[in-house]
Every structure is written in C-alpha cells, then in structure tokens.
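In what follows, a structure is listed as structure tokens, so that the remarks can point back to it.
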Amino acid sequence: MAANLGLFSDPSPPPPISGHVPSSRRRPSHDRISFAPDSSHSASSPSALGVPARHGSRAESERLAASQRDLPDEDARLVVVGDAPGTAEAAARLGLGVGPAGNAVRTGKYSVLSFLPRNLFEQFHRVAYVYFLVIAVLNQLPQLAVFGRGASLLPLSFVLLVTALKDAYEDLRRHRSDRFENNRTAHALFPSPSNAEFLPTLWKDLRVGDVVRVVANETLPADIALLSTSDPTGVAYVQTMNLDGESNLKTRYAKQETLSWAADPGRISGVIRCERPNRNIYGFNANLEIDSRRVSLGPSNIVLRGCELKNTAWAVGVVVYAGSETKVMLNSSGAPSKKSRLENHMNRETILLSLILIAMCSIVCILSGVWLGTHNGELELMQFFRKRDYSGGDERNYNYYGLGMQVFFIFLMAVIVFQIMIPISLYISMELVRLGQAYFMIRDTNLYDENSNSRFQCRALNINEDLGQIKYVFSDKTGTLTENKMEFQCTSIRGVDYRGRRGPLVGDTASQSIRVRDEIWVPKISVRTDPELVRLLRNDGETKEGKNARDFFLALAACNTIVPIVIETSDPSRRLIDYQGESPDEQALVYAAAAYGFVLVERTSGHIVIDVLGNRQRFDVLGLHEFDSDRKRMSVIIGCPDKTVKLFVKGADSSMFGVINRSISSDVIHATKTHLHNYSSLGLRTLVVGVRELNQKDFEEWQLAYERASTALVGRGGLLKAVAASIETNLEILGASGIEDRLQQGVPEAIESLRQAGIKVWVLTGDKQETAISIGYSCRLLTGEMTQIVINSYSRESCRKSLEEAIAMCSKLRTISPSAPNDRVALALIIDGNSLVYILETDLEEELFKVATMCDVVLCCRVAPLQKAGIVALIKNRTDDMTLAIGDGANDVSMIQMADVGIGISGQEGRQAVMASDFAMGQFRFLVPLLLVHGHWNYQRMAYMILYNFYRNAVFVFVLFWYVLYTAFTLTTAITEWSSVLYSVIYTAVPTIVVGILDKDLSRRTLLKYPQLYGSGQREEKYNLKLFILIMMDTVWQSLAIYFIPFLAYRHSEIDGSSLGDLWILAVVILVNIHLALDVIRWNWITHASIWGSIVATVICVMVIDSLVILPGFWAIYHVLGTGSFWLCLLAIIVVGMIPHFAAKAVTEHFMPSDIQIARELEKFHNSDGANRSEIPLRTLMQQQQP
C-alpha cells in the first residue's frame, strides 16, 4: 500500500506498450506509461493507516437521488451471479421479482392476429370515425337504405385502409429491427466442472444472472453490473450515445472485490440484491454479497443496454435487467402527444356543423310528417308509402310503419344523406398537408446547421401550424443562446486578479507539451495564459503565492470526472490529449490547468497522474463526491505524493462561501467576491475553489462514515449527501475562475426580430444573476432604456411585499403615457430561483403573473428544472396565448414538454432535450425563419384548408337539401350515389391538399423583413368564428345558385332527374375549384394540374358512371352535354355563385386591407427579387427553390 502513495516523478522513458486496444483513440493507462514510485512513506500517510486506494463512488450525484431510496423486500430483486436458473428459483422461493424469461425485446405494436382488431380499435378512438361508422351501419338497414350498401361503406373503408397500411408499414419496420437486435451475438459464461468458458449466445437467449463478456467497441446486450475489466484498477469506458445521445466517454467501475474473477471464471459467485426495474437511467441501488461480505453497488458499477465499450479491451459483468426490463426499453415511450390549437378550434366548428345537420334533418322530418298527414288518404297509391301489398293475395303492411315511425326513419335517412356535412376526408387531408409541410421544413437550407451537420427535425407532425401562433418563447441560456463551448478567460487566486494581459496561444509554445517515451503529447485545445501567472508558477513556486497558485491549478486538474483520451495524428511522434467529460465547464478548467503546466495524463478508479510543470506525479483518489443541486459543489479527496491528504472542493459561490472558514483571510474572501462580481458582469460563468488538508482523525471519521453510508440498505442517497456535507467544511479559499460561454451566431438579431413580431422572450437559466443580466444585454434582451424590477427574496412575506411593490410600480409607469403605447416605459422583471420557491404553487402565483405579463422581458436566474416548467405553466394555464420552450439539456426537458411547442437544440449537452421535443434544430437563430416564415405559412395554409373543407362539403349538402324540399321529402337524390361518395375523395380532395402544402401568401424575404406580419397568426385572423359564419353564408348562396339556376331552366323540360343531377355535381365541383383558384396566391404547375385536373377528372368519372348499364342514370350526362342550355347554366352558376365572394375580396382588399394584403401589394409593385417565385420550381418536384 505504501507504493500506492509514493512520489511518481521519474521522467525516464517507460517500457514498450505490452498491449494494444484496437482504436485510433488510446487511453493513457498504467500499462502504457511506467512511473517509478518513491518507496518512502511516513506513519501519517494514508498508506500507513491502511487506507485503500479508493473509497469514492460516482453515485452521489443529485440526478441519482431517485434511485437511492429505501429498498424494502417487496421492491427488491435477487440475482444469483452466474446462475440464471438459480436466480429464478431464488426469486420464486422468496417471492421476489426476476422479470421475463429472456432478453428478447419487442417494439412492434401488432402481431398477425392482433393487427386488425387492435388497429381498428385505435383508429376508432376518433369520434368522427365512430360517427361515420354509425352512418354506414344505419344505411345497411332496409328501412333506412339511401345509398347502396357498398357505396356507403367506401369512404370510411378508404380512410381506415390508408391509415392501416401506414401503420402496418411502420410496424413491419419495427419488427425487422427487433429481429436484428434479438439475433445479435454476445459471449455468455457456461460453467462446467472442468473449465468454465465464454461461448457465443444470441442476445434473446440471455437471462438475468448470466455472466457476459464484452470486448472493445461492442454494444452491451443488457443492463450489466460490472465484475471485472481489462484495466487492473477495474475501470471501463463506455459511450452512451445510443442511450442519451452524448458522445463523451463515461467511466464505469468494477469493484475491487470482484476484479480477480476474470482470471478464474469458475470462481464467479455471489448474490446481488438490487432494486426492481425502473426508468431512471442515472440510478442503480444494489448490494453484492460475497464470502459473507456486503459490497455496495451504485450507478458507476452498471452499464446499460445500448452503450458501447470504448478504450477498454474487455469487460465482464452479470445481467441484472434483461429484455423489456432494461432501462432503455422502459424509457422508450417517447414524449407526450400534443394537439394543435387549430384542431381544438375545429371541434367548435364541427359542433356547429353538427347542429346545422340536426336542424336540416329536423326540418326535413317535420315537413315530411306534415306532408304525410296532409296526404294520408293518398298513400295507398304511392310507390313509397302504400300501406297494403295486394300482389300475393294476402293483405299485409308494406313499407309503412305508421306516421310516427316514418318521421323517425326520415330523420335517420336525412342524417345519412347529409352525412358529409362533417368532412371525413379532412383528417387525412390534414395529415398529408402536415407531412408535406414537414418535408419542406426539413429540406430548408436556412435551417441547416453546418457546425453540427444537422438538419431541422420535425418530430411531431400534428402541431406544425402552432408555429404560426406563438406569443411567448421560454429559452434556456447555456447551450441555447450561447454555444456551450467554454473558454477559460481569467482567474482570481488568493485575492489577486489575473485577467490583465493575455499572452499568445499556448499551442504556439512548448510550455504545455509533455514527453511520453518518444512521443510528444499536447492538449487538443489551446488556452491563452497570463504571463505574470505563468512566471509565478514556474519561477516562484516555493513562495507562498506560488504554492497557492499551484494548489489552485492542481485542484482544477484533479477535482473533476474528466477522462483523458490520446488521439493519434498524422505525425507518428505527436499525440493529442482530448479531455472528455459530461460537463463543458470541467473540460475548460482542465484545459486551462494544462495550459499552465498541470496536464492531466491518466485517470483510473483509484488514482490520477498529472504532469506538474514537467514532473509526472501520481495522486491517489481516496474519495469523490460528485456535484448535486443541493450542495451545488463537488469534492475529491486526494492522497498527494508528499504523503498529505487534501480535500479539493469547487462549486457555485452561493454554496462555497457558506463552507469557507471566514476567520482565515477575510480580506481574500472580500477581494474574491469583488472579482466574482466583475466576472459575472462580463457575462462569465464563475466557480469558487477551496482546499482543506485532512489529518488522520478527520480522514478516518470520513472513511468510516462513507463506508457505512455506501453499504446502507435504507436511505443510502441521503446518507451519502450528509457525509459529503460533513467533510466539506472549514475550507480555505484558493480562488475563483471565469469561463466565457460565447453567444451563438445571430442571437441578438433573432431576439430583436422575435420582439418585433410581438413575441415575448423569457430567459430561464441556472446561472447567477449578474451573469444572466450581462448575457441579457449582450443578446439585446435587455436594453439601457428598460426599467428593471429585481426580486431577490428569502421568505414568503418578503416575496409578497416585493410583488405588491412591483405591481404598483408597473401600474404607475403604465399610466405615464397611456395614449402613446410606442413611447411607454419598457419593463424587465429579473427574479431568482430562491424567490420562486416561495411563489410557485402558492397564492403568490397570481401576483407574479400580473407582474410578468406587464413586463416586456422576464429573466429568471438560478432556477431548477421543475421551476422552469412552473414558469411555463404560469402563462399556459392562465392565458390563451401559445407558448414555446427551447433548450438543449436534460434540465430543459420538463419545460419543453410543458409548453405548447417544444424545441430541442442539438448541442453539447447530449440529446435528451431533442428526444423530448416536438422539433429539433442546431441554432437558436433558426427560430426566426421557423416561426416567422414556416410557422406563418403553415398556419395560414392549414387555417384556409380547414375552412375550405367545411365550405366545399356544405355546398354539396345544401344542394341535396334543396332537392329534398322539392321531392316530397323522400330523401331521394338526383346525384348518383357514386358521385356522392367520390366527391370528397377524388373530385375535390387533391387541390386542397396541394394548396395546403405549396401556397404562400407572402415571400420569405417579406416575412423576414417585416416581422410584424407574424401577428396575423397571434390574432387568429385566418381562422375564427366570424370567418366560419361568413363562409357558411357564402355556402348557402352558392348552393342556391347551383340548385335553382338549373331547376328554373329545366323545370318545364323533359330532362330526367339523373341528367339534372349530373349538371349539379359538375357545377358544384367547378364552382368550389374556381373558388379555390380565386384564393390561390402563388401558382405553379402542380397547383394548376390539381385544380383543373380535378375538374377534368370529375367530368371523366361522371361520364364513366353514366356509361355503365348496371348503374342508375345510364347515359344521362350525354342527354344534356351537347345542349346549349347545359353550358349556359354552368356559366350562370359560376358568375352568380362567385359574386359575393369576389365582391367581398374586392371590398376588403381595396378599402379594408390587412397587413398581409398591404405587404402583398408591396411585393407586386416593388417586385423584390424572388417575390413571386413558388415553393416548387416548374421543372422538378424534388428541388426546393426558396424565394
């Protein structure tokens, strides 16, 4: 043990590497670099005290707290190591769960037998489908049969078939993926009396309790607790990209008690008592019992299914969760479904249409009852109502059930005839339009991020149009407004600020390179250094100031979880050290330490190697407490080469100054606080670093408490936090650091554009207040003209008072210039997370809402993830305004899912935000074209398409209604049943879909130049109840023109009903398509083909239907097609029917123009470049041509 804490400073070349990991990225390890230990030690050293090389664990993080709960027997699982049958037997004997029989996974929803019933069950969750099913069933009854039985089933069958085929194709792909995954090969241990060996085994055949061996670059087949690795200290490196999208390597460890098992697999035995399967991918709580000893297992000892083993030759572990119980499978449910606002509003209009339908059916049945009562004596002689059947000799009732039943039947028959008043095709049309809109958003090069090589992702197709109605944007700061690429800028060491002069990039000198054998190793990223600080470290290292500076940078190099990875270069003698870790802040600090000569070379579970100014030294990691949001700091206990034991702590200033001994160097603390304020004012992220030298008693007390807490079965997480808090006291301040997180390109311009569009931008960040305010000014969120209202309170009453004063101030400032809203005083609310603790979910929420909505900008600092979601809910639950949340990290997931629209940034913090979002993109600035261009287009297209679908079906139904009034209310139709069926499917469906995808009211350039045009969607100008009523009035007029012009023209002629019906159906189709053509703004060849092609297709279909002898109305169209009256009627219908619509457009556009109409006129007369180009070029469909 003495050698473990010796001085490792011999710079002599190490022996040749004995092994090689098959990767271009190599991890520096003990078997690659030989360091000569100093065998001398003192009685006070940790080695002499019997201190093992490692006591730390990575399980103490706050994000793991959920798994560190109590573990009673009913929530536990027993795993017999190396004995899958024994695991199942033990579970059955003790009544504990063990899970499924195998490791096979199934993501497919259906089987061959279950597809039809389950798919139909899911589809009929839509109430409209149930409505049309009831209509089709009613039509099958002889008493109610209006259409042919087959024809009545066709529309619903078509919709169900298309959806079923889509679902079947998607599920087939899932089944293929499942088969590939389940038939992959792993190596499982097969014990035998003579020799245990690892043999190839299919993934689906693995069981809980099996011991598995994985080699480098292989994927883990199940959730595996590590037992041994190729590294002598038990460390393994894994990549979790398949799990959470993060590409940085993570460290996992095998316990020292099980490391020797790999040499003799036959000795592998033991029992693991762990928690039941759960979804927490960051937590694991278990104990391993071997040789009557209990060894604690935590998140750092488990590797999850889907992770890849990297930079580690092999690893051996035992399966604890398999198949559908693995954490990745339990987390595969996806984000919650959202519904667009237009679709919610559509329900209102659907109800109104239902009321119109009921009214029409009621009118028909009442008038029918009156007519039947009036002609009661004549019913014997009428075809449809005669009471007796005399053909067979026996008198019996025939096709008549009395007046009351007949009226009821008439009502149901009217519902069948007028059923398409509620358009069944609208749902499919909306899905197709959204799919087309998503295609163009994905292909938009203005939303493509070259830095990350990522395109825009549309992960939720059902809320595209909501992008055009956003009123509030809630944004994270780090990684969303900023690049999340941290750069070390300055430091304060023991009250001295080193941020004056900055030398050249260290990469241009040899000051930070180290020699390993015949190779030169250089950190991958260079950092500018302060020449004065460099001289202090190198020339005055023995002075008090020099020792303090060395301890500071030693803390930066040691107090982290960074893994150094060595990358090969084109020069065989030169290698790059790539520091990988979960935190960009830690990476920046370690690169800064390397720039000043403290180069982290190697990290294992028990020690780290740091090249200290050219002198390689080994430091034993005796304990590690990771960062958590309660303590807001992390610490590491290091055994130094000089036999001392030091505790290095770094964290937020708010938590660090509470554990620093203020009796020591109070002037240094005051100076450091001043420097921190200055750094924050510059927008820098700050951390405070402290140290404490531990004596033998302190260390032994911590060691005993830590071992007791880490093996506890109940409340392990809380005990570990308490141990960390107990040791992190009486610190001596070393200094502070300032790290710059640069703004992303175009962020200030984007925020200004959003503000001009009437969108309020709120920033919710975990940074301290000064940093957030500085970034607010940098990105133009805050301006010098704004009056800032700051709320920093530490009690409920203080919060209440601050809010009341804020409301009074806002009201006073608002009354200064009420008649000049453009000149009013701009307000900004700045509030911290501590105040929100006393406000959210209390009666003070309403006060906060009043203040926030009166302010132009809201900036929330030091907020927790759930507080972010609470702020979003504050607006979402109290207003009808649409909310959008945008973020890049796991701490933004709750906010993204709470908002109406959630956008994930593909940034440096993994893909948790992307996976939980509705849309994903690479930069914040893309929000401008996404909302102002695509959002505006999507909203106006979808709004028009919905209203147009209501209009076109209502016109057709009203024509049928007028005909019923003139045919003794018998509900016979002159229009053939097949034309009625094909009307919504073929005759008029395609044009509305094409226009919904391609039409544009304004060009991209105009929408970006005048952001105020976005207000059209916020004010719901394109879809509202007033427009619906006007369209219904226009519908009634057009139906009257369509019906009565031919009726009056042919009422005294010998034309039959079928010929008149063909004229009516052609008139309806031509009129609704011309109505659509009049509203189209940007024409292209696809729009022309769809509109005029639909009219031609209708004529062809009518001619084909009338050419079939088996169908009624044989040859009817040909009786009128060649007459002049037919064409005159069509012309008169078009002219008369379009008069109100044309007149309304002319009046509104010339006398009451909207902002959009004015902008359109500007485009016409100024003819800015590309203003009239279409979304689709005229020669190809595959290449988008933007304006």
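Note that Cβ sites are derived from N, Cα and C of the backbone, with glycine treated the same way.
Note: D476 (active site, 4-aspartylphosphate intermediate) has non-local neighbours V763, L764, T765, K868, I886, G887, D888, G889, N891, D892, M895, i.e. same-chain residues 6+ apart with C-beta under 8 A of its own C-beta. According to TrEMBL, the feature active site, 4-aspartylphosphate intermediate maps to D476.
Residues annotated as Mg(2+) binding site in TrEMBL: D476, T478, D888, D892.
What TrEMBL records for D476, K477, T478, E586, F627, K650, R685, T765, G766, D767, R862, K868, N891, D892 is ATP binding site.
Under the heading compositional bias 'Low complexity', TrEMBL lists 34-48.
Taken from TrEMBL, the feature domain 'P-type ATPase N-terminal' applies to 102-150. Per DSSP, the domain 'P-type ATPase N-terminal' (102-150) is made up of 25 helix, 0 strand, 24 coil.
Annotation comment: TrEMBL describes 914-1154 as domain 'P-type ATPase C-terminal'. Computed over the domain 'P-type ATPase C-terminal' (914-1154), the whole-number mean pLDDT of the model equals 91.
According to TrEMBL, the region 'Disordered' annotation covers 1-69.
Long-range neighbours of the transmembrane segment (151-169) within the same chain, counting only residues 6 or more positions beyond its ends whose Cβ lies under 8 Å from a Cβ of the stretch, are 109-110, 115, 119-120, 122-123, 129, 132-133, 135-136, 139-140, 416, 420, 424-425, 427-428, 977-978, 980-981, 984-985. Per TrEMBL, transmembrane segment is recorded for 151-169 (among others).
According to TrEMBL, the transmembrane segment annotation covers 351-372 (among others).
Residues or ranges marked as transmembrane segment in TrEMBL: 407-428 (among others).
The transmembrane segment annotation in TrEMBL covers 950-969 (among others).
TrEMBL lists 981-998 (among others) with the feature transmembrane segment.
Feature annotation from TrEMBL assigns transmembrane segment to 1027-1051 (among others).
Same-chain neighbours of the transmembrane segment (1063-1083): 944, 948, 951-952, 955-956, 959, 963, 974-976, 979, 983, 987-988, 991-992, 995, 998-1001, 1038, 1041-1043, 1046, 1091-1092, 1094-1095, 1098-1099, 1102, 1120, 1126, 1129-1130, 1133-1134, 1137-1138, 1141-1142, 1145, 1160, 1172-1175, counting only residues six or more beyond its ends whose CB sits under 8 Å from a CB of the stretch. What TrEMBL records for 1063-1083 (among others) is transmembrane segment.
As annotated by TrEMBL, transmembrane segment applies to 1095-1118 (among others).
Through the fold, the transmembrane segment (1124-1144) approaches residues 1030, 1033-1034, 1037-1038, 1041-1042, 1045-1046, 1049-1050, 1063, 1066-1067, 1070-1071, 1074-1075, 1078 of its own chain, all at least 6 residues removed from its boundaries and within a Cβ separation under 8 Å. According to TrEMBL, the feature transmembrane segment maps to 1124-1144 (among others).
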Integer Cα-Cα distance in angstrom, R685 (ATP binding site) to T478 (Mg(2+) binding site): 10
Beyond the flanks of the transmembrane segment (407-428) by at least 6 residues, Cβ under 8 Å: 126, 128-129, 131-132, 135, 138-139, 143-144, 146-147, 152, 155-156, 159, 162-163, 350, 353-354, 356-357, 360-362, 364-366, 368-369, 372, 401, 946, 949-950, 952-954, 956-957, 960-961, 964, 969, 971, 973, 980, 983-985, 989
For ATP: widest Cα to Cα gap among D476, K477, T478, E586, F627, K650, R685, T765, G766, D767, R862, K868, N891, D892 in Å: 25
Cβ neighbour count within 10 Å of R685 (ATP binding site): 23
C-beta crowding around D888 (Mg(2+) binding site), within 10 angstroms: 31
Nearest-integer angstrom distance between the alpha carbons (Cα) of R862 (ATP binding site) and T478 (Mg(2+) binding site): 12
Among T478, N891, the one of these binding-site residues whose Cβ has the fewest neighbouring Cβ atoms within 10 Å: N891
R862 (ATP binding site), number of other Cβ atoms within 10 Å: 21
